[in-house]
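To start, the structure under review is shown below, and the notes come after it.
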Amino acid sequence: MEIKSVGVIGAGQMGNGIAHVCALAGYDVIMTDISQEALDRAVTQIDRNLARQVSRGLVSEEDKTAAQSRIRTTQTLADLGPTDLVIEAATERETIKDSIFKDLLPHLKPETILTSNTSSISITRLASRTDRPEKFMGFHFMNPVPVMQLVELIRGIATDQETYDACLAVVEKLGKTAASAEDFPAFIVNRILMPMINEAVYVLYEGVGNVKSIDGSMKLGANHPMGPLELADFIGLDTCLAIMNVLHDGLADTKYRPCPLLTKYVEAGWLGRKTGRGFYDYRGETPVPTR
Ligand SMILES: CC(=O)CC(=O)SCCNC(=O)CCNC(=O)[C@H](O)C(C)(C)COP(=O)(O)OP(=O)(O)OC[C@H]1O[C@@H](n2cnc3c(N)ncnc32)[C@H](O)[C@@H]1OP(=O)(O)O
Ligand SMILES: NC(=O)C1=CN([C@@H]2O[C@H](COP(=O)(O)OP(=O)(O)OC[C@H]3O[C@@H](n4cnc5c(N)ncnc54)[C@H](OP(=O)(O)O)[C@@H]3O)[C@@H](O)[C@H]2O)C=CC1
């Protein structure tokens with residue numbers, strides 16, 4: 001089945017990036033969110049990121065205009081009904097994803113492929129509550145979507161080969177590289193990356209280093225483009241904590257226990273860049289460490 005149109009659910013940092021790259025690759029995109037404000041913010045962000053690509057000579061002005069014209073937004077989930085591929089990128093909470101799929105399914109064409117951009121949640125379990133487990137899989141982009149080359153493709157226990165091949169063809173049309181991951185908690189990238197970020201928070205919690213020394217050490221000492229705390233703020237501390245909880249519950253191993261300091265930041269609503277404060281305070285001219 002050839003995919004021509006893509007529905008994106010959730011207009012946060014991942015949703016806007018997914019809509020951006022799909023539209024640029026020639027897909028008709030319809031993006032939905034419960035909040036009109038999130039949809040408006042996403043469109044502004046896409047315009048800004050496309051303009052940056054034009055200014056760097058990566059995208060032509062004509063391609064930018066064409067991509068913008070291919071993106072529609074709606075607050076009505078049912079408007080995604082006629083699309084060929086749906087990529088769900090709402091908040092990392094299983095109950096939210098389940099309820100989105102439950103509301104969407106009555107409106108979907110039977111042949112539509114349904115996917116989730118989840119960072120960690122079982123694809124098999126999400127799929128089992130839909131009417132199409134064989135047409136359901138994980139489609140996991142990395143942040144920032146327009147820049148990062150990798151997409152993890154995760155088959156649930158029932159995903160059929162036709163669905164996998166159709167998603168692989170989309171990844172290739174986007175100019176990205178797919179990695180196939182088995183369906184176990186947090187798949188490949190986050191199984192490795194998130195315990196490192198959590199360990200960095202423990203290093204901070206135990207006073208081994210402060211925010212500046214931890215991030216500086218990993219940038220200069222391990223050549224990481226961002227320090228682990230800066231990266232946690234970039235991903236979103238709520239998402240980091242959700243992933244650690246999935247690892248902890250799903251693998252039943254105490255080595256994945258979330259650091260209490262990470263929990264405290266999330267409980268404070270200090271979720272990182274998206275709320276203006278996390279391990280850094282972003283409300284001034286330059287980010288200032290909060291510890
Ligand atoms: C949690 C999960 O489930 C999985 C994940 O995503 S884990 C997170 C994975 N991501 C990472 O690890 C990112 C690590 N950080 C980096 O690679 C780099 O810091 C970065 C690419 C984000 C920025 O790089 P930089 O050199 O500091 O910035 P800068 O030179 O301004 O930008 C580099 C490129 O990124 C683009 N960019 C930067 N931030 C961007 C953003 N938020 N959105 C879109 N594009 C962005 C710029 O346009 C630029 O593109 P070109 O060079 O192609 O023109
Ligand atoms: N952040 C990252 O680096 C990465 C995240 N992911 C995954 O992508 C998904 C989205 O993450 P991210 O974009 O960072 O999160 P954000 O918090 O930036 O965005 C999530 C969006 O989903 C919206 N939303 C919540 N409930 C619904 C609903 N019922 N219907 C439609 N939209 C809804 C939220 O609205 P509101 O704000 O009003 O609640 C918000 O706009 C998660 O599953 C995450 O694990 C995957 C790769 C990387």
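Every residue gets a Cβ built from N, Cα and C, even glycine.
All TrEMBL annotations are machine predictions without curation.
Marked as NAD(+) binding site by TrEMBL: G10, A11, G12, Q13, M14, G15, D33, E92, K97, S119, N143, K274. D33 (NAD(+) binding site) carries neither a helix nor a strand DSSP state and counts as coil.
Summarising the annotation, TrEMBL assigns domain '3-hydroxyacyl-CoA dehydrogenase NAD binding' to 6-183.
TrEMBL lists 187-282 with the feature domain '3-hydroxyacyl-CoA dehydrogenase C-terminal'.
Positions annotated as site 'Important for catalytic activity' by TrEMBL: H140. According to DSSP, H140 (site 'Important for catalytic activity') is assigned to a strand segment. The number of other Cβ atoms within 10 Å of the Cβ belonging to H140 (site 'Important for catalytic activity'), over all protein chains shown, comes to 28.
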(Q) Averaged over the domain '3-hydroxyacyl-CoA dehydrogenase C-terminal' (187-282), what pLDDT does the predicted model reach? (A) 98
(Q) Can you go through the binding-site residues G10, G12, D33, K97, N143 and pick out those with a C-beta less than 6 angstroms from ligand 1? (A) N143
Q) What is the interatomic distance between the Cα atoms of H140 (site 'Important for catalytic activity') and M14 (NAD(+) binding site), given in whole Å? A) 10
Q) Can you tell me how the residues of the domain '3-hydroxyacyl-CoA dehydrogenase C-terminal' (187-282) break down into helix, strand and coil by DSSP? A) 66 helix, 4 strand, 26 coil
Q. List, in sequence order, the same-chain residues at least six positions removed whose CB sits under 8 Å from that of G12 (NAD(+) binding site)?
A. D33, A38, A42, A89, A90, T91, K274
Q: Can you see whether DSSP assigns K97 (NAD(+) binding site) to helix, strand or coil?
A: helix
